[in-house]
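Q: Grabbed the feature section from Swiss-Prot, which reads as follows:
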- 108-290: domain 'ATP-grasp' (DOMAIN)
- Lys144, Asp181, Phe182, Asp190, Arg214, Ala215, Asn216: ATP binding site (BINDING)
- Asp251, Glu263: Mn(2+) 1 binding site (BINDING)
- Asp251, Glu263: Mg(2+) 1 binding site (BINDING)
- Glu263, Asn265: Mn(2+) 2 binding site (BINDING)
- Glu263, Asn265: Mg(2+) 2 binding site (BINDING)
Amino acid sequence: MLCREPRLYSCQRLKEAAKRQGHEMDILDPNRCLLKLSQNPPHFQIFYQENSGSKPYLLPDYDAVLPRFGTTSTQMGCSVLQHFEGKGTFCLNSSQAFLNARDKWKSLQLLLKTGVPVPNSFLSGGEVQAQATIPHISSPTILKMLNGSQGIGVILAEKPQSAVSIMEAFKQTNISMLQQDFIEEAGNADIRCFVIGDQVVATMQRIGQDGEFRANCHRGGKTEKIILSDDEKQIAIRATKAIGLDVAGVDLIRSKNGLLVLEVNASPGLEMIEKTSGVDIAAEIIDYIEINAFINLR
């Protein structure tokens, strides 16, 4: 497992599930990996340094790799994943799918291209004056940093001029922001689906604190059980496939025009959705790896 914080709930649950099913799992920090490319075989080698004073050693051949790195490690994490892919190792998820999911704008493009419904969204180039975007801004509107996570970098602007002021401020630090229609009828609630392969294995509704439009659990929101229709589940599965992921956390919102996909997460947390749904998602992931890594080895 590629993970920078092995003590996190999700990493511990996955390691425990693997052990219960008779597997050994190493947890590797992608930022401690050394990657080597060579014209002569073996073409792809990965070395690992346990700590700053130790000598890097050659990693063994693994049957499967499970990436669980955060947004700050996306570049190196995906480089390590690509190296494992070069070695022919089964990776859940692929490096390209990870990159697709971590780019908020690209993921929206991929979703809409494959017919998955998303909120009306807008992105302007760095040389476009923020004032010129006013005709395209809904009121109120949501502003999102392109690489934010856990609700960080998501801002509600009540009026178009407020949105312009916020964008101008962020532009000074070379941070681009996308705009999305605010789905007022959803209140401060959204839905998280956990998709593995062709199945939605768990769901939960997230509800933000009073006065907080973001429903993320990291922002103090609460969760409760929710049942989705088969059509709603299919939207979550289609969204996962559109990004190229095998395992994903898909965030949905119910609007007056139907269900919309807000985001597709490549490394979704397990804690709140396991505790809310009662589903052993960690075991489901290990089961999926067992089946697909075996096919990959044949």
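Every residue gets a Cβ built from N, Cα and C, even glycine.
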Q: May I ask for the distance between Phe182 (ATP binding site) and Asp251 (Mn(2+) 1 binding site), taken between their Cα atoms and rounded to an integer number of Å?
A: 15
Q: CA-CA, which of the binding-site residues Asp251, Glu263, Asn265 lies nearest Asp190 (ATP binding site)?
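A: So, spelling it out, the nearest of the binding-site residues is Asp251.
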Q: Give me the non-local Cβ neighbours of Asp181 (ATP binding site): same chain, 6+ apart in sequence, Cβ-Cβ under 8 Å, ordered along the sequence.
A: Pro119, Asn120, Ser121, Ser138, Thr141, Ile142
Q: About how far apart, in whole Å, are the alpha carbons (Cα) of Asp251 (Mn(2+) 1 binding site) and Asn265 (Mn(2+) 2 binding site)?
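A: Spelling it out, the Cα of Asp251 (Mn(2+) 1 binding site) and the Cα of Asn265 (Mn(2+) 2 binding site) are 8 Å apart.
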Q: What residues, ordered by sequence, lie under 8 A Cβ-to-Cβ from Glu263 (Mn(2+) 1 binding site) and sit at least six positions away in the same chain?
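A: Within the chain, Glu263 (Mn(2+) 1 binding site) has Cβ neighbours under 8 Å at Lys104, Ser107, Val250, Asp251.
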Q: What's the CA to CA span in angstrom from Asn265 (Mn(2+) 2 binding site) over to Lys144 (ATP binding site)?
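A: Answer for this pair: 15 Å between alpha carbons.
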Q: Take the Cβ of Asp190 (ATP binding site) and count every other Cβ within 10 Å, whichever protein chain it belongs to.
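A: Result for Asp190 (ATP binding site): 23 other Cβ atoms within 10 Å.
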